[in-house]
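What TrEMBL says about this one:
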- 1266: active site, proton acceptor (ACT_SITE)
- 30, 35, 38, 60: [2Fe-2S] cluster 1 binding site (BINDING)
- 100, 103, 135, 137: [2Fe-2S] cluster 2 binding site (BINDING)
- 262-269, 352-356, 365, 408, 426: FAD binding site (BINDING)
- 772, 803, 917, 1084: Mo-molybdopterin binding site (BINDING)
- 919: substrate binding site (BINDING)
- 1-78: domain '2Fe-2S ferredoxin-type' (DOMAIN)
- 234-418: domain 'FAD-binding PCMH-type' (DOMAIN)
C-alpha cells in the first residue's frame, strides 16, 4: 500500500537498500480507510481533455501499482517549517485545530485538496470534504473555524430579509458585559461586546494564493501525452498485478483468471485481504480502460462506465439534475441522495460504481435504488455481450447471474417518467461515513392520471446477505389505489416476505424490521405529497404535521462562540491567561511532529506482531510455531518462557500478565509474539502460529454473569450517610430501577506503540513509547528484564491521544517489546494495528446502576440506595479504583441527606478495562441524572425543577464529609439557563412538537460538580528540571506527558511568566525518566496543576539565584544577566518539586478529603429526532464551565469541547459488540463509530465562568481535562425529553428505560407506534393515527 511505502519502504537496487522515503507525516490510523489520518492528494492528467484532476484518497488502501502516471502530494509537499508553511497548515494551527496532532496531517490534506479544486469553497463543500476524517481530541469546532476562513460564503444564516437572523440571538446567548472570543461568528464581535477578545486573529493569516501551489510534474504530463498506453505488470512476493488498457485484453485476462478480482479503488478487496486474510495471487486493475470510464447521455437516461468513481458519478448526476426537467431526474435525485453519504470523500474518490454493484454487499446503499429504478447492466465476456436489468439479479428472475468470466462494462440509469416516483432511504450508526444498518430503494409508476399502481419495485439492503426484492408484495399491490388500505397491506406483506436473519454482530432483528416498514411508510408519504403537487384537487396530500418527516437531517457548518475572561491590565509580555497556540501546532499541521512510529529505523531493527488468544477461558495445551518460523524474514517467536524475570505483576491479588503462560483468561490476551524483518512478515507468521486449547468453565462475560457466579475483585466499596431505611419509611413515593451503560473504546488516533532499543552495554535499553506514565514503563520493563530501573531509559516526545488508555496496558506492551529486544539483541518496533489495539487493550467499564429512590411529592429527594456494578474484565487494572471513584462522585450536584451506595468491580473473561477520561464519574453520574429525571416524571415537575430543588445550595458537606462551597455551581447553572434561553426554547420545542407528529424536539439542562484529586498525596507529586544556557535560552522538562492537552505549552507559559522572558526563548525537548525520575502518571486532569507547581518552583529557584545580579544591573538584559551569572559561577540549572495535594480517604469510616477542589459547570442541549428511524440531530449546546483562571483559554475551551463531543459518543453512539464467546466484533472505525463532523451541534457555545478563583492550584486555574465529558449526557437527556414527548402524545406509559448509548435503535423502539407493534406481534393493521 502507498502508506507503508511512504512511511518506511526502503528503495532497493539489486537487493541493496539505497534510501528510505520516510514521509512520516502521513499517519497510520486504522488501515481500512475509515479515519482519514492517512489522507494524501492524488493528481492525474488526462491528455484528451488537457485537464488535471486532484482528489483526496486514503493512502492505507491505495496500492502503489494503481498510481502509475499519477502525482502524490503528502502533507510534507504542502508546506513545512523549513520552507513555507501553507495557509491551510497555518490556519489549522493558529485556530487551535490540533490537540494531540495525530489527525492533523489528514485534515490538512482533505482541506488542501478541496482548495486545489475550489479556491473559495462553500461551507457545504468544506463540511463534505471532512466527512471522512476523524478527530478524537478537538470536537471539530476549531478545525471548522480554520475551514471557515477559506469559505466564500458567510456562515451567518442569511435570513435577515425573512425576519430574525442567527446574529440576533445575542440577547439569548451572551451577557454583553463579558469578554468574548467570537472568531467563528465575526459579525457578532462588532456590536455584541464593549471589549472583545479572540482565540485567534484573522489578520495574522497569510492569504491563500492558488498561483503558488505545486504544479503537476511536467515529466508525467509528457509521459501521458507521448507514451502509448501499454499493459502494466507488477510482480510482488506473492501476487501479480495486471493493468490492461483495452476491453478485449481485459476479457482475455478474465477468461484466463476467472477468480481474479477486478480492483479500481481497492475499497472492497483491500480490507478483505488485510483484515479477513483473503488472498488473491492475481489482481486485475481495469481503471485505465476507456470503455469502463464512459459518461454518456442518451435519450432515455445516462450511461456510466463501471470504473467511474462514485465522486464522478455524483458530479455527473448533479449536473444532469440541473440540466434536465424535474420529471426526468427523480431516479438521479434518489441515487445522488445515497451517494452524498456513502463513505467519506476519500472513499468516494476512488471506489467505483461497478465495484459497488458487483460486490452485492448487503450494506450497499446504491444497489437497492439502482435495482428499483430499472437500471441496466452492460456485461461482456470473451465473444459475448449482454444487457440485464440489475433488478433481475436481486429478484432472482431467470438465470441472470453474472458469471466469473463476465465484466461489468457500464450501468445505464434511466430517466424517470411521468407518474413515476423514486425514493431511497438509509439508516446508519452515524449519518455520514458509516455502513447502513438498513437501506432501501423504492419506485412506483401509476396508470396515467390516476393513483392506481401500474408498476412497483421495492428493494432492501441490510436485511439479508445481499440486496433483496419484495417482489411478491409488489405483485400483490399492482392495480391497487395508493391509499391507506394499500399501505396497511403493504406493510404486512413486506414483513412476511422479507426475512431478516439474526445478526452475528449483535444488531437486533426487530429494529431492521421496523426500519423496513418505516421506510415504506416514508415512501408512501412522499408519493402522497407528490401526487398533491401534480393534482391538488384529487389528492389532498398528507397532514401538515407529517410534512417535516419528509426532510432528512443535513449537516451544516456549525456556528460557535467561545466566551472567556480577558485581563486588559495584563502585561503584554505575560502569556498566562492568553489563548496561545499549541507549541507543536504548526508541526502537527506540517507532519513534522514525531510520534513513535515516525522515529527513523534503527540498524537491524525487527518488527513485532502478537499472537492473541481466541478463547475467553481455556487451558493452553500446545503452541506450534513451526509454520510461523518458516515464513521468510522471521527471526524468532517470543513467549512467557523467554521473559528473564517478571511475567506477572501483582499490584493486587490478581496479576497483570505480560504473556499467558498456562491458560488464557480472555479473547485477545497475548500468548506469544513473532519478530521479523518487516511488519508484513511478522503478521503473516503470527497468523500461522497454531494454539490448541482446552476450554475451561465458567466463561463469564457480562456483569449479570459475574453477579451470578459471585465473581468480583476485592475490595468492594461502600459509602453511607444518614439513616436510609428510616428515610424510606417517611417518604411519599419510592421508585426503583436500573440502567445499563455500555463500555467505550478510547480510540486514540495513535495506536499503542513501542520501540525498544538495546544499547549494547550494561544491559541498558532505550524504550520509546506512547504512554501517559513513563515511570511505570521503566519499572515494568526493568522488572521483566531483571535489571535495575536505572538501566531502562524511557522517552516520550508526545502521544497521539490517550484518554487513560496508555497507563498500565502500555507497560505490559512495552515489556513484550523489551523482552523481544533482549532475546534478539536487536531493536524491536511494536506498533499495534487498530484491530489488535481494540481487541487487546480494553476501555471504559460497562456499568449497571440499580437504584431505589425515596422522595416527597414536592420533589425533595430524601433517600437513595444504589448499587453499581462495573465490568472490570479479566485482571484488576484500575477497576477497584474506578469503582471507588464512582461512589465518591455519584452525587454530582445534589445533596442527598440519606444515602447508601455500593460499588462492585466484576471479574469477567473480557480484556481488562481501564482508566478512561472521567474515571467512573460519567457512569455513576448518569445513573444519578436518570433517577432525577424519573422523579420528575413521577411528581409531574420538570427535570430542571427537580435538579434545582435538590442541588447543593450553601456551604455543606458531601456524602463523604468533605466541605463544599457550591456558589459557582449555582452561578454556572443560572448563567447556562440564561445564555441558553432555556425556558423560551423549551416553550418553542413544545410548540414544534405539537405541530409535528413524526419529528420531535427535546431540550435538557444538566449541572456538573466534578471533584478534582487523585485521593492520596504521593500520586500528585511532580518534578521539573530547568536549564538556562549561556546564550540565554532555556530548556525545560518535567514529568508531564503531552497527549493533546497542551501541557508543554502551558508549562512554557508558566516558565515565561516566572522568568519574565518570551516563550520563544524556552524549549521543551521530551519527557524522559533520565531527566525527571519517578514522575506520576499524567492522568486525572492533574498534569498542569502539579507540573506547573514544579516548574514554578524551579524557575523561582533560578530567579532567586539571579536576583543579586539583577539588583546590581536592573537595566541589563536577560542575556547579560545570564552571562554574568555564569562568570560568577552561579548554577543555571535547577530542579523544581511539588509534594502533591494533601488528599486522603478512610473507607472504613466512609469519610475523608480525597479531593482538593471542585470544578462546576452546566450544559443545555437541544436535539431533534426522527420518530420513524430513531435518527437525531444535535441542534444546539450551551456550556458554562467554572475552571478558575484559565492559563490558556484556547487550550481549555478546546478540552471542554473535545471532552463534550467524546461524551456525545459515550452516551449516544459508541457501541461495543461482542460474540457470545467473548470475541470483540467492533474492531475499527467501520464497525465502531465515534462522533464525526456531522455529529457536533449546529450551534455550539462555551463560556468560562468569570471572576472565579482557585487558591489551590497554579495561578488560580483548575484541571479541566476530564470534567466536560459528562456534559455530553445533556444530549442523552434531551433525546429522552423528545422521546417523552412522543410517548405522551401517543398515550404510552410514562415509565420507560433508556440505556446508554442511546442509539437510533433504542430511540426508534421507544417511539412505539403501529409499526413497532406490527413487528412485535407480526400481525395487525396500520391505524389512521399513522397515515392520517
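Note that Cβ sites are derived from N, Cα and C of the backbone, with glycine treated the same way.
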In sequence order, the recorded positions (38, 137, 1266) whose C-alpha falls within 10 A of residue 803 (Mo-molybdopterin binding site): 137, 1266
Residue 354 (FAD binding site) versus recorded positions 30, 103, 135, 772, 1266 - nearest by Cα: 30
Any further residue of that chain within 8 Å (Cβ to the Cβ centroid of 772, 803, 917, 1084) of the recorded Mo-molybdopterin site: 802, 804, 805, 807, 915, 916, 919, 1043, 1082, 1083, 1085, 1265, 1266
Residue among binding-site residues 35, 60, 137, 772, 919 with Cα closest to the Cα of residue 262 (FAD binding site): 60
Mean of pLDDT values spanning the domain 'FAD-binding PCMH-type' (234-418): 93
Candidate with sparsest Cβ neighbourhood (10 Å radius) among 30, 38, 137, 264, the listed binding-site residues: 264
Nearest recorded site to residue 137 ([2Fe-2S] cluster 2 binding site) by CA-CA distance, among recorded positions 60, 266, 772, 1266: 1266
Which binding-site residues sit within 10 Å of residue 38 ([2Fe-2S] cluster 1 binding site) - Cα, from 103, 352, 408: 103
DSSP-derived helix, strand and coil totals, residue by residue, for the domain '2Fe-2S ferredoxin-type' (1-78): 15 helix, 28 strand, 35 coil
Mo-molybdopterin binding residues 772, 803, 917, 1084: largest Cα-Cα distance, in Å and rounded to whole number: 13
From 103, 135, 266, 1266: recorded positions whose CA lies within 10 A of residue 917 (Mo-molybdopterin binding site): 1266
Any further residue of that chain within 8 Å (Cβ to the Cβ centroid of 30, 35, 38, 60) of the recorded [2Fe-2S] cluster 1 site: 3, 27, 28, 29, 31, 32, 33, 34, 36, 37, 58, 59, 106, 834, 1229
Candidates 35, 60, 266, 352, 408, 1266, namely the recorded positions, that fall within 10 Å of residue 135 ([2Fe-2S] cluster 2 binding site) by Cα distance: 35
Spatial separation of residue 264 (FAD binding site) from residue 1266 (active site, proton acceptor) - C-alpha basis, Å: 44
Candidates 35, 60, 103, 262, 408: member of the binding-site residues with the richest Cβ shell (10 Å): 35
